Amino acid sequence: MFQFIFKRIVQLIPILFIVSIITFSLSSFSAGDAARVLAEREYIRPNTKEIELVRVKYGLDKPLPVQYCNWLKKVFKGDFGNSYKNNKPVLGEMIYYFPNTVKLSLGAIIIVICISIPVGIISALKPNSIFDYVGRFFSFFSASVPSFWVGLILLYVLGAKLKFISVLGGRNQGILIPAFTMAFGMCGANIRLMKASITEVLNKGYMQAAKAKGISCIRLYCKHGLKNAILPILTKTGIMFSGFLCGASIIESIFSISGIGKYALDAVITKDVPVIQGYVMLMAVIVVVINLAVDILYSLIDPRIKVQ
Amino acid sequence: MTKKILKQKGFIIGLAIVIFFILIAVFAPYIAPNNPLEMNISCKLQKPSSQYWLGTDNLGRCIASRIIWGARSTLLYSMTVLTAIVIVSIPIGLISGYVGGRTDAVIMRVIDIIMAIPSFMLVLAVAGTLGASARNMIIAMSSVWWAGYARIIRGMAIEVKQKDFILALKSAGCSHVKIITKHIFKNIAEPIIVLATLELGSIILAIASFSFIGLGAQPPTPEWGIMISDSKDYIQSQPQLMIYPGIAIIITVIGFNMLGEGLKNAFGRKLYE
């Protein structure tokens with residue numbers, strides 16, 4: 001077990017290394033001169049000499065590999081630099097905004113699970129019933145509708161027409177509607193996956209054998225059926241969670257939630273490179289860690305995986 | 001085969017929608033009643049009329065014309081992304097699957113690494129440093145999305161490689177290049193077309209989302225995502241501004257999805273799962 005986990009952790013190193021190189025090179029690809037931006041913060045109207053002074057001070061005159069090493073050293077200490085906009089440390093800001101995004105994504109995951117698992121199970125047990133048709137229609141439809149549009153429609157119907165929520169968004173607004181918007185697009189795909197997975201397990205020989213032995217219906221479906229069918233869902237949920245965390249910008253900007261996605265989006269508009277770098281690096285680490293956690297969980301439930 | 005395809009209702013509907021969409025996109029300059037960029041503040045937010053089929057937006061631009069021209073931008077961007085993905089992924093997938101061994105291992109590691117980067121993050125990063133534009137969005141999207149595709153093509157290539165006729169070709173002295181380009185590629189071309197059709201729907205959705213949050217095409221380009229983004233401030237009083245382009249996106253995506261599903265059912269499911 002430990003060997004398996006250790007092997008998986010070692011595999012993460014090249015991924016994070018490459019992401020860090022991409023992240024670092026963002027600043028050199030950036031259209032503006034970083035030294036000039038930094039100098040403009042220290043002097044009112046920096047001349048060439050002052051810009052060069054700043055360049056030396058921040059080590060921007062050194063060759064790129066040296067700059068990269070220095071940057072990486074700082075990142076390991078949790079220092080992503082300060083935001084160009086308000087000069088606050090990027091890490092502190094991200095930690096401040098991150099919980100809102102996590103709350104939103106977790107809410108969306110819970111909604112997806114609550115809808116897709118029951119619908120998927122019933123559709124698999126009763127194929128070609130009305131329930132199955134509704135499920136199929138919904139999963140097809142939800143995959144074709146842009147989530148931001150669903151959000152705006154909900155905002156219009158529930159906000160502007162029924163006055164349940166504020167159109168302007170803000171603090172007091174619950175996360176239910178934003179989380180539902182986020183979940184909407186993923187529900188369809190998950191219903192499909194759940195149905196396919198259950199149908200496959202139902203046709204397995206061990207299910208027939210268990211049935212023939214005469215065990216109770218609940219035990220048959222819950223212990224033998226669901227446990228085997230849930231595996232693909234687990235992986236998918238992990239991918240979905242990291243997808244929600246990374247894609248939160250859209251929903252956050254529609255519902256004016258001050259999460260990390262909106263923070264990064266605002267940084268894009270002002271070309272706040274340290275913030276973008278910090279965001280990309282943090283999200284990459286989170287995505288990779290979630291994938292690792294899913295793999296470990298998977299191997300705990302299904303020991304066959306470790307062998308492969 | 002053709003008979004089997006034409007029997008499916010979903011396929012026919014999807015095909016009709018897609019052809020309609022492509023015709024509109026190609027002949028946009030002749031169909032659109034007005035210039036999509038022409039602003040006329042004096043007749044802003046008007047109701048539908050014979051001159052403005054769907055009324056005007058907050059800057060007095062013709063909504064119908066913007067939607068018609070939007071079809072053109074959507075087709076252009078999505079086809080560019082798809083072409084880039086296909087051009088990159090097919091040779092890499094084929095080589096990785098056919099050659100195998102160390103080459104395969106290296107290519108797969110690279111694919112694993114790229115697939116660990118969410119495409120949204122890369123588009124955001126590129127837009128934030130190089131500036132947001134349709135071109136940058138297309139580059140960023142293509143550079144991540146090819147990986148998943150290459151992996152599927154590799155899987156299919158491995159499957160075909162183990163067939164007896166490949167062995168026969170080898171013993172008959174057929175060169176590797178010829179086997180890859182002619183025989184293996186020919187055998188996986190069908191599923192690639194199906195995958196590409198199914199993928200177009202999600203590419204269109206992604207492009208609209210990126211443009212909506214300002215990371216993709218920039219205003220005043222007539223693009224559906226931008227149109228919805230422009231209508232955000234008028235959500236209380238003028239909901240039709242966001243409803244029309246939204247419906248355009250949904251119908252187009254449904255069209256491509258139905259077409260893809262129809263092709264998938266006709267060609268047999270086995271190959272893609």
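Heads up, residue numbers simply count up from 1 along the chain you see.
Backbone N, Cα and C define each Cβ position, glycine as well.
Taken from TrEMBL as is:
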- A:98-298: domain 'ABC transmembrane type-1' (DOMAIN)
- A:12-31: transmembrane segment (TRANSMEM)
- A:104-125: transmembrane segment (TRANSMEM)
- A:137-159: transmembrane segment (TRANSMEM)
- A:175-194: transmembrane segment (TRANSMEM)
- A:239-260: transmembrane segment (TRANSMEM)
- A:280-301: transmembrane segment (TRANSMEM)
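Most Cβ pairs under 8 Å with the transmembrane segment (A:12-31) belong to A:280-301, among the candidate stretches A:104-125, A:137-159, A:175-194, A:239-260, A:280-301. Panel annotation: around the transmembrane segment (A:239-260), residues 94, 97-98, 100-102, 104-106, 108-109, 112, 147-148, 151-152, 155, 168-170, 173, 175, 177-178, 181-182, 186, 190, 279, 282-283, 286-287, 290-291, 294 of the same chain, lying at least six beyond its termini, place a Cβ under 8 Å from a Cβ of the stretch.
Long-range contacts of the transmembrane segment (A:137-159) within the same chain: residues 119, 165-167, 177-178, 180-182, 184-189, 191-192, 250-251, 254-255, each at least 6 residues beyond the stretch ends and with a Cβ under 8 Å from a Cβ of the stretch.
If one looks beyond the transmembrane segment (A:175-194) by at least 6 residues along the same chain, the residues whose Cβ comes under 8 Å of a Cβ in the stretch are 103-105, 107-113, 115-117, 119-121, 123-124, 135, 138-143, 145-147, 150-151, 154-155, 158, 165, 229, 232-233, 236, 240, 243-244, 248, 251-252, 254-255, 257.
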